[in-house]
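Trainee: Here it is, the structure, as structure tokens.
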Amino acid sequence: MKDKNTKSIQSYLLAVLGCIVLTVLDQLTKWLAVIHLKDQEPFVLWKGVFKLEYLENRGAAFGIMQDRQILFAVGAVVIVCLIGFIYGRMPHTSRYYLLRICAVMICAGAIGNMIDRLRLNYVVDFFYFELINFPIFNVADCYVVVACILFAFAILFYYKEDELSCFSLKKG
């Protein structure tokens, strides 16, 4: 029994460490964007396709719902708590490693953008796909989008239905 508890504790500690590392990386990239991109012309990496362009986003993902910072901060806290609950229901085996990575990435993305909202009242965005005129985004957004895509593929193609019963709220 102690071995199972040790494995659980290690899993949680690894998740917290992963979340901290990813959040610090996100904040570092945003700091670099402020230092090097704010009040500057966009930095073109691939003409007509991709550039780094500073933007203070006061909305949600990709600029929707402007100026609702408190709502977004509360939403981020709810998401992190929900992900924590889901993480706690996952068996601590290597089979669920992909889902745990997704959970950590989503939490790090939510926390990274929440830090900006609470500290600055906006989120620093700087990646711009000019070719498709995609809204400007940041590293935290990448974490969330990549994790959600991986999660969807895992649920649809990797896990069997009975392996997902751990997420059911039904007893028994």
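Backbone N, Cα and C define each Cβ position, glycine as well.
Annotations in TrEMBL come from automatic prediction, not curation.
The following feature annotations were taken from TrEMBL:
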ACT_SITE  ASP125  active site
ACT_SITE  ASP141  active site
TRANSMEM  12-33  transmembrane segment
TRANSMEM  70-88  transmembrane segment
TRANSMEM  97-115  transmembrane segment
TRANSMEM  135-159  transmembrane segment
Trainee: Tell me which of the active-site residues ASP125, ASP141 sits in the most Cβ-dense spot, judged by other Cβ atoms within 10 Å.
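Mentor: Within the set of active-site residues, the most crowded position is ASP125.
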Trainee: Round to the nearest Å and give the CA-to-CA distance linking ASP141 (active site) with ASP125 (active site).
Mentor: 9
Trainee: At a Cβ cut-off of 8 Å, and with pairs 6 or more apart in sequence only, do we get at least 3 pairs between the transmembrane segment (135-159) and the transmembrane segment (12-33), yes or no?
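Mentor: Counting Cβ pairs under 8 Å, at least 3, so yes.
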Trainee: Report, as numbers and ranges, which residues of the same chain sit near the transmembrane segment (12-33): CB under 8 Å and 6 or more residues beyond its ends.
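Mentor: Same-chain contacts beyond the ends: 52, 54, 87, 100-101, 103-105, 107-109, 111-112, 115-116, 124, 126, 138-140, 143.
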Trainee: If you run the three-state DSSP split on ASP125 (active site), which class comes out?
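Mentor: Where ASP125 (active site) sits, the three-state DSSP reduction gives strand.
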